[in-house]
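Going by TrEMBL, these are the annotated features:
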type	residues	note
COMPBIAS	A:1-10	compositional bias 'Low complexity'
DOMAIN	A:95-308	domain 'ABC transmembrane type-1'
REGION	A:1-22	region 'Disordered'
TRANSMEM	A:31-54	transmembrane segment
TRANSMEM	A:98-121	transmembrane segment
TRANSMEM	A:133-155	transmembrane segment
TRANSMEM	A:175-205	transmembrane segment
TRANSMEM	A:234-255	transmembrane segment
TRANSMEM	A:287-309	transmembrane segment
Amino acid sequence: MTTTEPRATTPAPPASVEPRRPRRRRTLAPYVYLAPAMTLFTLFLALPIGYAVYLSLRTVKVSGLGLGSGARQEVWAGFSNYSRALGDPEFLASVGRVALYGLVLVPTMLGLALLFALLLDAKRTGVKGFSRVSIFLPYAVPSVIASLLWGFLYLPRVSPFEYVAESLGLPTADVLSSNVILFAIANIGLWGGVGFNMIVIYTALKAIPQELYEAARLDGATERGIAWRIKIPIVAPSLILTFLFSMIATLQVFAEPTTLRPLTNTISTTWSPLMKVYRDAFTRDDIYSAAATSVVIALATFVLSFGFLRLVQRRAFAQENG
Amino acid sequence: MRLHTAMKTAAVVAATAMLAAGCGGGSEGDGGSAADGPVELTFWTWAPGMEETVAEWNAANPDIQVTVNKQDGGDPAITKLLTAIKAGSGAPDLMQTEYQKIPTLVAADALADLSDVLPEDLADRYADGTWESVTLGSDAVYGVPQDSGPMQFYYRADIFEQLGLEVPETWDEYAQVAEQLHTADPSKYLGTFSANDAGWFTGLAQQAGASWWGIEGDSWSVDIDSEPTQKVAEYWGGLVEQGVIDNKPMYTPEWNAALNDGSQVGWLSAIWAPGVLEGNAPDTAGKWAMAPMPQWEAGDTATGNWGGSATSVTSQSEHPEQAAEFIAWMNGSQEGVNALVEYGSLYPADLDAQGEALAEPPAFFSQQADFYDIAAETAQGVQPFTYGPNVNVAYSAYNDEFGKATEARTADAFLAAVEAMQTATVDDLKNAGFSVAE
């Protein structure tokens with residue numbers, strides 16, 4: 001009864017507005033939800049990266065003596081910053097050092113992390129909580145502090161190790177000398193990194209259903225056999241993840257060598273690629289070539305990470321997909 | 001130093017800009033100070049005793065209040081300043097500027113020209129060489145000298161006496177004493193060659209007659225790889241190769257321990273050494289003595305400079321006039337200089353005020369009554385030295401190249417390091433577009 005009357009007096013508007021409103025809401029809604037993330041992403045990731053790329057294509061040209069205002073001018077540099085970065089023997093040497101550092105550090109660190117995780121997971125381990133915390137604790141120590149602590153332990157005259165070795169008549173070695181400095185730095189990374197990786201692997205181990213172990217034991221598998229045949233293959237994805245993180249961290253090693261540098265002659269200001277970026281930007285005041293080197297490092301990290309993932313993906317995740 | 005058209009023009013332009021800014025700022029400031037209270041100035045410094053010195057000024061000058069912002073040290077503070085200048089804001093009003101950093105900062109347009117806001121006769125209070133390092137030989141004034149660091153030889157008088165060693169007067173004698181000492185007690189060294197302290201090596205090269213940069217016409221010249229520096233490098237490389245001089249860097253916990261327990265028996269350092277020794281080797285109070293630097297030619301009185309700073313006003317300061325007034329008081333008046341010496345044990349650059357302020361030897365050397373008489377004599381012998389616009393590059397090349405050389409422990413490696421420093425410095429200048437004289 002009432003339905004026909006309003007329709008006659010106010011015909012179109014309600015009918016046409018009503019269905020349109022929800023449609024507009026539907027189209028706007030995703031953007032509203034995305035806005036905070038997009039804003040943060042743009043402000044704190046995309047823009048800085050864009051600015052770094054822009055800077056890497058610029059350079060400062062000085063005229064004459066370069067004194068007084070107006071003597072410096074920012075100009076386009078094309079790819080000259082890039083060609084200089086890639087052709088710089090110091091940069092290549094730093095890449096070589098870091099590659100070796102990674103070869104030493106990553107397998108040792110992940111091997112120890114896996115070993116500790118398996119030990120913690122094994123049935124007979126006592127004082128689990130305490131062991132877990134004490135292995136994890138170094139990860140909570142900032143790497144600068146860790147490097148200072150280790151630096152004091154490395155310096156022969158102030159090191160308690162040296163003191164003990166000397167009083168016992170044992171031979172002492174200078175760990176800051178050029179042959180072993182790489183291992184001394186890797187040791188700090190190892191000390192700080194094992195705990196974190198162990199927790200990641202240990203968490204994955206905890207998620208393995210107990211039935212698998214029971215079945216294995218019924219079939220007569222030993223603890224070692226279970227670890228080797230069941231646990232390690234199942235936590236392989238975690239191992240890949242930790243390997244990826246460690247590889248990226250290796251490419252970005254900075255705090256440890258920078259903190260140790262004043263204590264020894266054997267660490268140059270371009271020891272690692274990021275140290276070279278820092279030196280160029282802040283010691284040499286050449287933010288442009290520093291930006292170019294950063295872009296190169298970022299691209300290399302990207303290529304290595306995704307290349308590695310592609311390589312292992314099929315094999316590692318095959319069993320999950322059946 | 002000759003004045004060149006480009007620099008003159010630059011100076012005139014800068015001065016005009018300053019005048020305009022000064023007038024605007026002045027009238028605003030006059031109105032402002034009545035309405036908004038005192039002018040607030042921030043001061044980045046890492047020199048000891050600055051808080052106390054500034055407190056004296058603040059108590060006497062309620063209209064110009066200075067706030068000290070303590071910095072970590074020369075390099076990080078300069079990095080921060082250059083970043084702030086690039087960003088366009090965030091720089092302090094006042095900045096402690098080491099002499100070797102001034103050309104870099106001027107080239108980055110970080111410092112204000114104070115020639116119009118400083119008292120006219122201020123320059124007369126300083127040695128010509130010192131004043132030139134704040135003008136760079138132009139009409140502009142980029143700061144007022146605060147302290148200087150003429151180098152001397154510091155040694156453990158007690159150990160010298162015990163082992164019957166003579167205080168070396170020439171570098172030949174220094175090498176002999178180093179050998180005698182190390183032979184008598186292999187745990188002891190007369191010094192160390194530090195690859196981490198470029199300023200120290202610069203001072204040694206300066207004593208030998210080097211001047212690493214120069215201005216030729218409208219071009220910079222770089223003269224690191226030349227006879228005086230090569231001579232110094234070869235000499236030290238020889239001592240390190242022989243093993244009679246240590247090769248560990250200075251300013252490490254290990255070096256402090258060695259100073260404190262008598263393994264480091266000597267230190268070629270500068271006038272501020274007593275403060276460092278007091279802090280790093282407190283157990284050795286009263287055991288040290290100071291003598292002039294060993295000489296290349298017997299009878300000479302040459303020395304170099306290690307450290308020393310001016311106080312500058314940054315190009316971002318809105319109150320250059322008031323800032324200049326404060327600097328002139330602190331670095332160029334009897335009252336200010338007395339405070340610098342009393343609270344910070346600095347060796348003031350102000351020659352007029354020096355005599356009264358330095359009546360007593362520093363506490364750590366209280367047994368050496370003629371400490372500041374010897375210092376004043378050695379200060380006369382500071383050799384001229386010109387810094388260039390990329391001291392930072394040369395210094396970081398020093399760290400890397402001499403780091404390698406001290407590890408290699410050969411005189412040849414030391415010479416190669418000097419050559420590499422020269423190449424790195426010239427390449428950087430050319431790459432930035434500076435015109436470089438060959």
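Every residue, even glycine, has its Cβ placed from backbone N, Cα and C.
Automatic, uncurated: that is what TrEMBL annotation is.
Bear in mind that the values here come from a model prediction, so they are computed numbers and not experimental data.
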How about the transmembrane segment (A:234-255) and the transmembrane segment (A:31-54): do they have 3 or more C-beta pairs under 8 A, pairs 6 or more apart in sequence? no
Mind pulling out the one from A:31-54, A:98-121, A:133-155 with the most Cβ pairs under 8 angstroms to the transmembrane segment (A:287-309)? A:31-54
Determine which residues of the chain contact the transmembrane segment (A:98-121) at the Cβ level, with the cut-off under 8 Å and only residues 6 or more beyond its ends counted. 128, 131-132, 135, 182-183, 185-186, 189-190, 193-202, 205-206, 227, 231-232, 235, 239, 242-243, 246-247, 250-251, 253, 272-273
